[in-house]
Amino acid sequence: MAKAWSLLLLLIILVFGAFVEGSHGSKLSQNYYKSTCPQVLSIVKAKTESTLKKKPRMGASLLRLHFHDCFVNGCDGSILLDDNSTFIGEKTALANNNSARGFELVDDIKAEVERTCPGVVSCADILAIATRDSTVVLGGPSWKVKLGRRDSITASRADANKFIPAPSFTLSALKSNFHAQGLSLKDLVALSGAHTIGLARCTTFRAHIYNDSNIDPSFAKSLQHKCPRNGKDNIHRRLDLRTPITFDNFYFRNLLKKKGLLRSDQELFNDKSADSLVKKYAADSSKFFKQFTKSMIKMSNIKPLTGNSGQIRINCRKVN
Ligand code: HEM
Ligand SMILES: *[C@@H]1O[C@H](CO)[C@@H](O)[C@H](O)[C@H]1NC(C)=O
Ligand SMILES: *[C@@H]1O[C@H](CO)[C@@H](O)[C@H](O)[C@H]1NC(C)=O
Ligand SMILES: *[C@@H]1O[C@H](CO)[C@@H](O)[C@H](O)[C@H]1NC(C)=O
């Protein structure tokens with residue numbers, strides 16, 4: 001009987017241990033591919049750098065893909081799966097449909113990695129590495145990416161619709177959305193600094209430029225010329241109007257002037273609890289970079305599939 005109890009205790013410790021580990025992504029490791037694919041980091045870096053030289057916006061697009069991957073049941077490459085007649089994935093979720101981009105670059109990198117180390121490196125890891133490399137190319141901070149994520153064999157449009165935050169969100173909605181992923185207010189503000197690069201469509205900022213009062217009136221007016229009340233849904237504007245392909249702290253400096261493009265951006269500087277963080281990052285880009293790095297590592301390690309869960313996809317668009 002005592003033996004049974006101690007076995008049960010052992011089991012509880014093991015299960016609890018696995019849970020705590022998993023929740024921090026600590027099963028991942030920097031040297032995961034050291035013996036199975038030592039070239040992976042240089043392959044991803046070279047391909048990312050050469051592509052961004054011609055298409056700098058790709059950096060923004062990859063960063064957003066990684067975010068949208070991680071917020072929907074962990075960083076497991078689920079966003080990369082294509083829809084087909086028998087499968088509905090995340091690409092057509094509200095936030096992704098006609099909006100998420102960068103899939104071809106992930107395919108290109110994956111194809112090159114497959115040529116060197118077939119069947120070894122996951123799509124989820126490739127996206128995590130390429131996101132870091134993109135940030136560096138565009139002038140942002142670097143960080144060590146832990147590896148060993150495996151790829152999902154499922155995806156969920158419903159979960160993508162549920163977990164990816166919308167540009168109409170208030171600060172309190174954004175906070176609880178990030179808390180659901182184990183991310184704090186600090187993480188929310190620093191990670192939103194990703195909007196220092198990239199573009200957004202008229203349809204995502206229309207309500208803010210016509211209906212909100214916490215926006216610089218001349219900034220709103222100039223946007224209204226490009227983004228009418230009706231039509232032109234897909235015209236693009238810069239998320240950071242001054243330096244859209246440079247990773248810097250202008251995003252926060254814009255917010256101080258009430259020149260955030262999305263409502264969810266300006267909510268971070270709107271006489272509420274995030275104001276002091278925005279001021280801090282606007283005043284000192286090294287403080288922003290330091291927190292962005294910490295928060296990216298946290299986001300990148302959300303609920304990875306490890307061990308025998310999932311698979312290493314051969315084609316990122318399709319379950320093996
Ligand atoms: C805080 C909540 C957030 C909301 C509501 C939000 C919303 C949006 C929206 C509406 C767009 C424009 C999409 C389009 O019009 O096609 C966008 C673009 C973008 N977002 Fe976010 N976002 C958030 C947080 C983040 C985070 C945490 C990251 C990364 C760490 C990120 C990275 C990006 C990037 C880089 C772009 C530009 C993509 C491109 O040009 O292809 N966003 N976001
Ligand atoms: C995605 O966008 C396409 C093209 O605009 C549209 O036809 C389709 O209905 C959208 N899918 C979903 C699920 O909203
Ligand atoms: C602005 O608010 C009004 C009233 O709530 C609403 O009917 C309208 O659709 C909103 N306009 C935009 C562009 O969101
Ligand atoms: C549809 O996609 C799913 C998930 O990637 C895959 O398992 C299935 O084989 C695909 N079906 C076809 C007909 O390609």
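Cβ atoms are placed via backbone N, Cα and C, with glycine included.
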Problem - Residue among THR196, THR203, THR293 sharing the Ca(2+) 2 site, where TrEMBL lists ASP240, THR243, ASP248 as binders - result: THR196
Exercise for the section: With an 8 Å cut-off on Cβ-Cβ distance and a minimum sequence separation of at least 6, pull the same-chain contacts of ASP248 (Ca(2+) 2 binding site), or say none. Expected result: GLY139, GLY140, THR196, SER285
Exercise for the section: Identify all same-chain residues not among THR196, ASP240, THR243, ASP248 whose C-beta atom falls within 8 angstroms of the centroid of the Ca(2+) 2 site's C-beta atoms; report them in sequence order. Expected result: ILE197, ARG242, PRO244, THR246, PHE247, ASN249, PHE250, TYR251
Exercise for the section: Go through the recorded positions ARG64, PRO165, CYS202, CYS227 and pull out the ones with a Cβ less than 6 angstroms from some atom of ligand 1. Expected result: ARG64, PRO165
Problem - Within 10 angstroms of CYS202 (disulfide bond), Cα basis - recorded positions out of CYS37, ARG64, CYS75, CYS117 - result: none
Practice task
Would you mind listing, in sequence order, the residues at least six apart from PRO165 (substrate binding site) in the same chain with a Cβ closer than 8 Å to its Cβ?
Solution key: PHE71, ALA173, LEU174, ASN177, PHE178, SER264
Exercise for the section: Out of HIS195, ASP240, THR243, point to the one nearest CYS123 (disulfide bond) in space (Cα versus Cα); all of them are binding-site residues in the record. Expected result: HIS195
Handout entry: Largest tally of Cβ atoms lying within 10 Å of a Cβ, found at which of the recorded positions ARG64, HIS68, HIS195
Key = HIS195
